[in-house]
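Features as listed in TrEMBL:
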ACT_SITE  C258  active site, nucleophile
ACT_SITE  H348  active site
ACT_SITE  E350  active site
BINDING   S49, G230, G232, F259, Q262, N300, G302, F303  L-glutamine binding site
DOMAIN    5-135  domain 'Carbamoyl-phosphate synthase small subunit N-terminal'
REGION    1-179  region 'CPSase'
Amino acid sequence: MTAHTSAALVLEDGRIFRGEPYGAVGHTLGEVVFSTGMTGYQETLTDPSYHRQIVVQTAPQIGNTGWNDEDDESARIWVAGYAVRDPARVPSNWRSRRSLDDELQRQGIVGISGLDTRTLTRHVREFGAMRGGIFSGHDIRSDEEMVDKVVASAGMVGADLAGDVTTAEPYVVPAVGEKRFTVAALDLGIKSNTPRMMAQRGIEVHVLPLSSSLDEVLSVNPDGVFLSNGPGDPATTDQQVELTRQVLDRKLPLFGICFGNQILGRALGRGTYKLRYGHRGINIPVIDAETGKVAITAQNHGFAVEGEPGERFDTDFGRAMVSHHCANDGSVEGLRLLDGPAFSVQYHPEAAAGPHDAAPLFDQFVDLMTETR
Ligand SMILES: NC(=O)CC[C@H](N)C(=O)O
């Protein structure tokens, strides 16, 4: 077998892309999705929302700045597999400690390089994010066997994954400077930068396991409740939806991001559905329905809340609206309760690599807690 055919990315519909092993050698299964971010691969790889997904980078050159000890969004790499076109042979950055390839190997993450990521991305864009696998070295099998393995694997619809990534024990991120507020943050796969951005605004953040009850949330005496991002299908979050409804009932200020937006949407009576290929990148335009302003945002989601741009609707907690939508496809990007202190966005105001247009949403949360006090 030549080096050129020593790794394969296999899709459930039978399409196979050949390349070379990158990172660990072996095999892995997951949902194949693409990200258009040209920078921030370390944050992408360590974002718990990517659990069980094989990430394809559309940017052809990845790994140029190596791997550092500062930018991780969690304690480990969560992606199930990694596919890149042209990895850096020599990383170069003053913060780099090792190469991306070394780090993938160290953490046992199976990857593939040298494949045609452009054709692969166009395929996923047309036929949708689907199950796939990367096979390399001794784990390469006949095409038929590899496709069979992929077809036998679990898909993303109905996947209940946040339990795999949540914290086992509560922990506290102290406020920077004077403490002004306490927030109970439900960890469905929270990224390190989220508590950090709240802490910078004088918030003491109590990060709680995803199965926390209302009593456990109230025991930290919160001024507000936060729902984090996270992996899997939002249709599996019944327990968190119920908790959210209890929080809305008590009129405690609530802010949700991504998975949190989907949970608030469900708590307000909306359904969620799987997008064809999702939104993953750091330049996705979002329109604020009330002001008409556009923000360029970082995103990583495969599901969305049902709704129309600017739509107003009745809920068990008063009127609500679709506050933001995507300029590309019109899908729901934000929700706001008009008769209560709750809002959420489908994108990432905490994005470290990426635009900062949405960062003021954390200030909006602070304002909401100030008004509600
Ligand atoms: N980043 C997230 O929170 C993703 C939410 C959800 N898992 C989705 O794919 O839509």
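Backbone N, Cα and C define each Cβ position, glycine as well.
Automated prediction, rather than curation, is the source of TrEMBL annotations.
Structural mapping of features recorded in TrEMBL.
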residue : record                   : contacts (Cβ under 8 Å, 6+ apart)
S49     : L-glutamine binding site : W78, G189, N229, G230, P231, C258, F259, N300, H301
G232    : L-glutamine binding site : H51, R52, M156, A159, D160, L161, A162, F259
Q262    : L-glutamine binding site : P234, T237, T272, H301, F303, A304, V305, Q346
G302    : L-glutamine binding site : E31, V33, A129, M156, K274, L275, Y277, G278
E350    : active site              : K191, N193, T194, R196, M197, I257, F362
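In this structure, F303 is the one among the binding-site residues F259, F303 with the smallest number of other Cβ atoms inside 10 Å of its Cβ. Mean pLDDT for the domain 'Carbamoyl-phosphate synthase small subunit N-terminal' (5-135) in the predicted structure: 97. The L-glutamine site, placed at the center of the C-beta atoms of S49, G230, G232, F259, Q262, N300, G302, F303, has further neighbours from the same chain whose C-beta lies within 8 angstroms: G189, N229, P231, D233, P234, C258, H301. The domain 'Carbamoyl-phosphate synthase small subunit N-terminal' (5-135): residue composition by secondary structure is 27 helix, 50 strand, 54 coil, according to DSSP. The most densely surrounded of the recorded positions G230, C258, N300, H348, judged by C-beta neighbours within 10 angstroms, is G230.
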